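Student: Here it is: the structure, laid out below.
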């Protein structure tokens, strides 16, 4: 009997119909292994060849120096083993290829966002929430004060000064309204006197028998119209000064008073909240609320004290300015009226010069900017 050749049980080598070894699978494995390895790692070219099955070694691995340019990386390769592919993928994710061609390994970790990055929508929502809470507290405080249930902080001296200022403002507005009415009526009278003087002058030229009489009346009406224009200038100056005092200076002070009153309401509202929390139990849940309420109360107390000082200072300066302005304007008004009805033209003109009042000549337009230059 012919002796059978020993066979290796570890591997079976297929043979083609011509009796040659079928190494197509080995070439396919070598090609896949080359493609799966990362390019540019400085590895030598590896070739795996198989010898006869009757040899003592299963195969010989021949290694030589790598020659030629490295192949460009392929986008995706099917690895012969899933485990090897997963390991290569993990190694590839930690490799960074710089411009020089060398690979450096970096550590991957969780991404931490900076605290400075804020959402504008969340900021607006927070502002709306604070405004709504503050409005609710202030509204509740106002209703409680009107119903007589809540307490309010009162500065008796400052409140009295504010009440006097508001009352004086109403009276000054009434004087201003009456002075404007007088100015309108005086303007109509001056206009009528001027027309009447022109009519008398025309009749003086056409009526020879009454030439002198019409002439006297024409001169009188023209003189009255001239003096009326002078008085009208003084009254308009008085109106402008009082209007500035009432609608600008006093109004600015009253705006500060309104801010002071708003600060007072906020102060009382947060003071009431703090008092209610202090009357309740003190435990781990209420202590943070009490501390926050104490902080808000202190902030609004400082704001209230600041606004109260601002109102006191403005009221003091307003009183000094009001006395000075009204003193000059009342003297002007009295002297102009007295000189006009006394028929003292020189005294009337002297009064206007004393207060640096320039009258606009009727029928004369204002000079252009070229003439002023």
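Cβ from N, Cα, C; glycine included.
So Swiss-Prot lists these for the protein:
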| type | residues | note |
| --- | --- | --- |
| COMPBIAS | 22-35 | compositional bias 'Basic and acidic residues' |
| DOMAIN | 153-353 | domain 'AH' |
| MOD_RES | 2 | N-acetylalanine |
| MOD_RES | 5 | phosphoserine |
| MOD_RES | 28 | phosphoserine |
| MOD_RES | 36 | phosphoserine |
| MOD_RES | 39 | phosphoserine |
| MOD_RES | 69 | phosphoserine |
| MOD_RES | 79 | phosphoserine |
| MOD_RES | 132 | phosphoserine |
| MOD_RES | 361 | phosphothreonine |
| REGION | 1-47 | region 'Disordered' |
Student: For residue 132 (phosphoserine), what residues in its own chain, 6 or more apart in sequence, show a Cβ-Cβ distance under 8 Å?
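Tutor: Long-range Cβ contacts: none.
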Student: Could you say whether, by DSSP, residue 132 (phosphoserine) belongs to a helix, a strand or a coil region?
Tutor: helix
Student: I'm checking region-level scores; what's the whole-number mean pLDDT for the domain 'AH' (153-353)?
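Tutor: Across the residues of the domain 'AH' (153-353) the model's pLDDT averages 90 on the 0 to 100 scale.
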